[in-house]
Amino acid sequence: MKHMNDRFQDEKNKEVVLMCIGITSGVGRLLFGRIADYVPGVKKVYLQVLSFFFIGLMSMMIPLCSIFGALIAVCLIMGLFDGCFISIMAPIAFELVGAQDVSQAIGFLLGFMSIPMTVGPPIAGLLRDKLGSYDVAFYLAGIPPIIGGVVLCFIPWLHIKKQREISKTAGEEKMEKMLENQNSLLSSSSGIFKKESDSVI
């Protein structure tokens, strides 16, 4: 809001920007929640990657908006993908860690999210005091989501690799148990055959 007061001093109803973010965030939660139902397994991460890229890009575009209508359009898109991020956070955590640890995973996510959300505004204020505008703050705010999106691209590959290793280990353990059972059956049958031969003699 302070950025808008600095940039668009003559504009009335500046709070409509926040209202646009809230409305499209709600629409995004409904829309992308439905889309995520058709995306199998860990591939839901790619929706999160998409949302991170757009949130970061829209944050960087805010200082470039010299027209109030352009700023509203940017905020509408940002709100839409914010809704995407919120709606599929829990399903992704469920797919990655399973039902048993999903609550702990979401707790860690929210805990780590609280750090930049707490530290960010004071840093933005300091940059505003030093540089005279919030432009650099918005540019810097757009970098972490884009980096996070790049890192998230590797998560499905790592998850599939881990699942293959687990299934391979489980298969080897199953094979060892089968061989042990077979050996025990052979030893017990040979013992029975020996007893029968002794009784015949």
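Placed from the backbone N, Cα and C atoms, the Cβ positions cover glycine too.
Copied over from TrEMBL, here are the features:
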DOMAIN    1-201  domain 'Major facilitator superfamily (MFS) profile'
TRANSMEM  45-64  transmembrane segment
TRANSMEM  70-94  transmembrane segment
TRANSMEM  106-124  transmembrane segment
TRANSMEM  136-158  transmembrane segment
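Mean pLDDT for the domain 'Major facilitator superfamily (MFS) profile' (1-201) in this predicted model: 81. Long-range neighbours of the transmembrane segment (106-124) within the same chain, counting only residues 6 or more positions beyond its ends whose Cβ lies under 8 Å from a Cβ of the stretch, are 89-90, 93, 134, 137, 141, 144. Remote same-chain partners of the transmembrane segment (136-158), defined as residues 6 or more beyond its termini with a Cβ less than 8 Å from a stretch Cβ, comprise 3, 42-43, 45-46, 48-50, 52-53, 55-60, 62-63, 96, 116, 120, 123-124, 127-128.
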